[in-house]
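Notes follow the structure.
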């Protein structure tokens with residue numbers, strides 16, 4: 001009997017690279033979507049840090065009045081921001097090679113587009129990487145589905161809203177006070193507080209926080225003790241164990257008696273599906289609301305909707321909100337030639353019954 005030994009052909013460099021990229025044994029899973037995610041997020045992060053520290057002022061309104069947003073130009077952590085691209089650029093794609101010089105690119109807010117575009121590509125790559133990793137481990141894809149909610153929200157404020165408004169200068173500035181400024185201006189121009197999709201988003205975020213706190217406290221309070229009184233309860237568990245960690249029957253009974261019977265779940269799958277579904281759907285609706293308001297399908301307007309028998313207006317909270325919106329709009333549009341149309345086109349509202357006497 002003759003035995004023949006053959007040398008095994010070594011895998012090519014490409015095959016070894018593919019095996020390494022898709023290996024679930026790596027300390028951090030990379031995956032093919034990670035090949036897209038890693039360079040784009042690194043680019044966005046690097047440019048953001050540099051721009052936040054040292055970017056020169058940007059002509060955001062396209063009227064030769066640059067606005068400084070970086071730390072080296074007098075801002076602090078709270079007031080600093082990466083200023084959106086100039087209104088003179090509109091929604092045109094504005095990479096570095098489209099500008100006549102680097103100074104012109106910086107003056108027109110080119111870093112904002114570079115950061116936003118790479119960031120959105122990166123977070124989409126993160127979604128794909130979550131799905132890919134789950135697939136290779138034999139898990140179901142709901143982790144990546146849940147992450148579509150924040151990605152939809154980011155896409156709404158950084159991409160869809162500027163496109164709908166006709167300029168990337170209307171996008172959300174990349175900073176703390178810039179975010180609040182964006183929120184105030186958005187309310188002034190679109191009355192988002194009166195939009196049902198935003199209200200669903202508020203219910204999703206605050207409701208999700210409440211349900212998460214309730215669930216965590218109930219689980220922690222109903223752990224099954226596997227140790228003695230002299231040992232920490234944490235020593236009685238190991239990651240991936242088959243046995244239940246907590247007593248869902250006890251938690252269900254406690255909560256059912258605290259409120260009422262049908263307010264609690266006695267099925268762990270249904271409970272956790274609900275905990276994941278509630279905030280995700282709420283944020284989906286908020287993102288959808290931003291996208292509809294991007295094209296000026298705004299919140300409800302109930303201004304001057306209540307009148308008495310003589311036809312005189314009885315002011316409601318909607319009218320107070322409208323007055324606040326007009327005030328925020330005036331503060332936002334600080335140039336006379338940009339005077340808000342909703343103020344310029346309507347009848348003048350008296351703010352004083354008599355003119356003040358001026359002594360001088």
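Glycine is no exception: its Cβ is also placed from the backbone N, Cα and C atoms.
From a predicted model like this one, the values you see are computed outputs, not experimental measurements.
Look at Swiss-Prot and you will find 29-46 (among others) tagged as transmembrane segment.
What Swiss-Prot lists as transmembrane segment is 118-133 (among others), and the listing cites sequence analysis.
The chlorophyll a ChlzD1 binding site feature in Swiss-Prot is assigned to 118; the stated evidence is sequence analysis. Less than 8 angstroms from the CB of residue 118 (chlorophyll a ChlzD1 binding site) sit 40, 41, 43, 44, 47, each of them six or more residues away in the same chain. Following the DSSP three-state reduction, the secondary structure of residue 118 (chlorophyll a ChlzD1 binding site) is helix.
Among the features that Swiss-Prot reports, transmembrane segment is placed at 142-156 (among others).
Look at Swiss-Prot and you will find 170, 189, 332, 333, 342, 344 tagged as [CaMn4O5] cluster binding site. For residue 332 ([CaMn4O5] cluster binding site), the same-chain residues lying six or more positions away in sequence with a CB closer than 8 A to its CB are 184, 185, 188.
For residue 190 (site 'Stabilizes free radical intermediate'), the same-chain residues 6+ apart in sequence whose C-beta sits under 8 angstroms from its C-beta are 293, 296, 298, 299. In the three-state DSSP scheme, residue 190 (site 'Stabilizes free radical intermediate') falls into the helix class. Look at Swiss-Prot and you will find 190 tagged as site 'Stabilizes free radical intermediate'.
Taken from Swiss-Prot, the feature transmembrane segment applies to 197-218 (among others), supported by sequence analysis.
Feature annotation from Swiss-Prot assigns chlorophyll a PD1 binding site to 198. Reduced to three states, the DSSP call for residue 198 (chlorophyll a PD1 binding site) is helix.
Per Swiss-Prot, quinone binding site is recorded for 215, 264, 265. Sequence-distant neighbours of residue 264 (quinone binding site) (same chain, six or more apart, CB under 8 Å from its CB) are 251, 252, 255, 256, listed in sequence order.
Within 10 Å of the Cβ of residue 215 (quinone binding site) there are 17 other Cβ atoms, across all protein chains. The Fe cation binding site annotation in Swiss-Prot covers 215, 272 and rests on sequence analysis.
The annotation transmembrane segment is assigned in Swiss-Prot to 274-288 (among others). For the transmembrane segment (274-288), same-chain residues at least 6 beyond its ends with a Cβ under 8 Å from one of its own Cβ atoms are 142, 145-146, 148-150, 152-153, 155-156, 197-198, 200-205, 207-208, 211-212, 215, 265.
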> Closest of the binding-site residues to residue 189 ([CaMn4O5] cluster binding site), Cα to Cα, picking from 198, 265, 272?
Replying inline: 198
> In the same chain, outside 215, 264, 265, whose C-beta lies within 8 angstroms of the Cβ mean position for the quinone site?
Replying inline: 214, 218, 251, 252, 255, 271, 274
> Counting other Cβ atoms within 10 Å of each Cβ, which of the binding-site residues 198, 272 scores lowest?
Replying inline: 272
> At the Cα level, what's the spacing in Å between residue 272 (Fe cation binding site) and residue 170 ([CaMn4O5] cluster binding site), rounded?
Replying inline: 38
> Between residue 198 (chlorophyll a PD1 binding site) and residue 170 ([CaMn4O5] cluster binding site), what is the CA-CA distance rounded to a whole number of Å?
Replying inline: 19
> Excluding the flanking five residues on each side, which residues at least 6 beyond the ends of the transmembrane segment (118-133) place their CB within less than 8 Å of a CB in that stretch?
Replying inline: 24, 29-34, 36-38, 40-41, 43-44, 47, 141, 143-144, 147-148, 150-151, 154-155, 158-159
